[in-house]
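Chemist: Structure in structure tokens, see below.
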Amino acid sequence: MAPSFENLSEQDLHEEEEEEIDFSDLKAQYEVKLEEGLDTFVVIDGLPVVPEENRQKLIKFLLRKLNTVGHTSEDAVFMPLNEKNMSEGFAFVEYETAEQAVAAVKQLHGTPLDKKHTLLVNKLMDIERYGREGRIDEEYKPPNIEPFTEKEHLRSWLGDPNARDQFALYRGDKVGVFWNNKSNPPENVVDRAHWTQLFVQWSPKGTYLASVHPQGVQLWGGPTFSKQKQFPHPFVSLIEFSPGESYLTTWSARPIQVEEGHPVLTYEEDGKNIIVWDIVTGKPLRSFVSHDLAGPESEAQPKKKVQWPAFKWSADEKYVARMLQGQSISIYELPRMNLLGKTSVKIDGVMDFEWSPATVNRDGVKQYEQLLCFWTPEIGSNPARVALMSVPSKEIVRTRNLFNVSDVKLHWQSQGNFVCVKVDRHSKSKKSMATNLEIFRVREKGVPVEVVDSLKDTVINFSWEPNGARFVLITTGDASGAGAPPKTAVSFFAPEKKGVQAGNFKLVRTIEKKTSNAIYWSPKGRFVVVATVHSQSNFDLDFWDMDFEGEKNDNEKDLAANLQLMKTVDHYGVTDIEWDPTGRYVVSGASAWTHQMENGFNLHTFSGETLAENPTDKFKQFLWRPRPPTLLSKEEQKQVRKNLREYSKEFEEEDKYAVDIANTAVVEKRKRVLNEWVAWLKREKELLTEEKEAYGLPEEADQPKAAKDAPTNTEDKGETVVEEIVEEIVEESEEIIG
């Protein structure tokens, strides 16, 4: 029976304390989080120290900066005073939302207020989080400065004396980087097991090789491919570089869960799917929730396919934009990642958009601009619409209305001269489909639109010539029988010859009764491979020349093209085709990611000659290393083309010399092996002679008859074992290749 209160002893009173009951689970469950309600506050340090009568004036001046990243007011700024009625050099500011407070920290921290003062902006809760007891040492300890180590040259491969190109090869669990040696075996640069868990990807200028892991993305570079930068993003699945390699976008289907004390990620990234990184600093600029994963799913509205790239970059990296399908396009300014004009561009029904891949100077337009093209479907009685928008003004500079639209695809020419709008139209009964092309001539005054409506079937693939004004498309009519690949037609288009500007686009030739479904232009233009990929029955690669130097057909004389099929080759199970950055070589690959039959890659010349076949077990990925843009001016490039025949003679001599060196290497190897054999034979004979002397055998003891008749030495005590060695030289030859 428990004692009554009156009978409790001193020991009984403290008995419960001694048991030390653990309440940590209850504390964790009911603890009041200080972040709640305070995540909209920031602390601004580095302000001028002013008397009370100047405080309001300083606050108004400060608000000019504060309102560039969000919304706040004079009442939401608290600037404390000391006993002398002087400000303390800091202030507390409340924003309307936590997102605005985060933007203030990222965009205003370290910015100058005037010539003498620099703003230092921190979240109020960061001061509590990092400044609480035990987090900061009472005594100052100087930081440990590591000794200077010179970094590797990140573009060293461009200095190869033979101007060779590199490629990355992913097979099995190994990734290697190799030099291309034409028909000779590739030369290994580095080869590592478990270098990546998902895939590898070159940056657009070839500076970095990215490997993807469950922990994040790792960039490698330099002659030895050492570690350059790390971007922690748990369970990252997709990555995208900006055109100039300044920024990196990473995406994961799983929202990020940030652990306390993480060296890079903060609670601002918690729960996000997308991070935009600064490659130079290795720090996140801003993080976002994926539109496709936001909100609850229902049976009526199934989960949409992930839009990738989620962010699309302008040609000069000054802007990056993302689309909320059907509603708006949000354009952000770099490097601050603030929303342009503080608002998204509201576009009802917007389905897709694309930036111009180059900065365009339109006729009659002097101010700086980047161009963006988007389209909207038919909504009610309103027609579908394609529009060109100028950024940063957000002005619509050209629109085009479309009717009976099923789908639209936007295709920019690499220099931004044209944008082709591929419009799939249905008949009024919606039983048949056809395609026409609306080509915007962007650089011409008023942006005129040319319509190509001579196509009777649906276009399934379209591709502009790089740095040119020609294009290739593939059409298909009615579907073929079960199991049979659809019959397609390949059409080549070129402009008419009309002065400096490209004339109207005309059909050069159509190749019927094909199964082709993919188009791969040389990065230098002129040559194009039209292929059948991901097929179970057809594997043809057609190598075409658009500027054949032979005789021209009469009906093509007025067009800026002379079409010629150079060669057709087959590659069983082909899934991917990759041009090298110089346009000299083409690699066709059969990836194990698609099928397990005869995986490997073949190397071809631009004209279709197969230089090497490389069957490779568990082959997954082949990627040529990109090259940065040339540093030569247009005039210097023109001079190089003019003297190309002279250079080609030098190249032919170098190729011949390389072949001679290869033959010489073979001869030297054979001589070395022969000399090693002769030396070994001499050494063995010397050992044999020593053994004969040790056992008192005659010189002819190695002959069968002499060994049998040899006298026995009875002076030795015990038994003597004589080993008979029989050596026969079957054949000995010496071959020397000149």
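Cβ from N, Cα, C; glycine included.
On a predicted model such as this, the values are computed, not experimentally measured, just so you know.
So Swiss-Prot lists these for the protein:
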type	residues	note
COMPBIAS	1-10	compositional bias 'Polar residues'
COMPBIAS	702-720	compositional bias 'Basic and acidic residues'
DOMAIN	40-126	domain 'RRM'
REGION	1-20	region 'Disordered'
REGION	693-720	region 'Disordered'
REPEAT	193-230	repeat 'WD 1'
REPEAT	232-289	repeat 'WD 2'
REPEAT	301-342	repeat 'WD 3'
REPEAT	454-494	repeat 'WD 4'
REPEAT	511-554	repeat 'WD 5'
REPEAT	569-607	repeat 'WD 6'
Chemist: Top stretch among 193-230, 301-342, 569-607 for CB pairs under 8 A with the repeat 'WD 5' (511-554)?
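Modeler: The stretch I would name here is 569-607.
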Chemist: Going by DSSP, how much of the repeat 'WD 1' (193-230) is helix, how much is strand and how much is coil, in residues?
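Modeler: DSSP classes over the repeat 'WD 1' (193-230) add up to 0 helix, 20 strand, 18 coil.
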Chemist: Quick test of the contact rule: Cβ under 8 Å, at least six residues beyond the ends. What residues does that give for the repeat 'WD 1' (193-230)?
Modeler: 151-157, 168, 170, 173-175, 177, 236-237, 239, 241-245, 248, 250, 279, 282, 581, 620-621, 623-629
Chemist: I'd like to know the mean pLDDT over the repeat 'WD 2' (232-289).
Modeler: 93
Chemist: How many of the residues that make up the repeat 'WD 2' (232-289) does DSSP mark as helix, as strand and as coil?
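Modeler: When I sort the residues of the repeat 'WD 2' (232-289) into the three classes, I find 3 helix, 21 strand, 34 coil.
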Chemist: Sort the residues of the repeat 'WD 5' (511-554) into helix, strand and coil with DSSP and give the three counts.
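Modeler: Reading the DSSP string over the repeat 'WD 5' (511-554) gives 1 helix, 20 strand, 23 coil.
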Chemist: Could you tell me what the rest of the chain brings near the repeat 'WD 3' (301-342), counting residues at least six beyond its ends with Cβ under 8 Å?
Modeler: 68-69, 103, 106-107, 238, 240, 242-244, 246-247, 249, 251, 253, 274, 276, 278, 285-286, 288, 290-293, 348-359, 370, 372, 374, 391-392, 394, 416
Chemist: Which residue counts does DSSP give the repeat 'WD 4' (454-494) for helix, strand and coil?
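Modeler: DSSP composition of the repeat 'WD 4' (454-494): 0 helix, 20 strand, 21 coil.
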Chemist: Give the residue counts of the repeat 'WD 3' (301-342) per reduced DSSP state, in the order helix, strand, coil.
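Modeler: Its residues fall into 3 helix, 16 strand, 23 coil.
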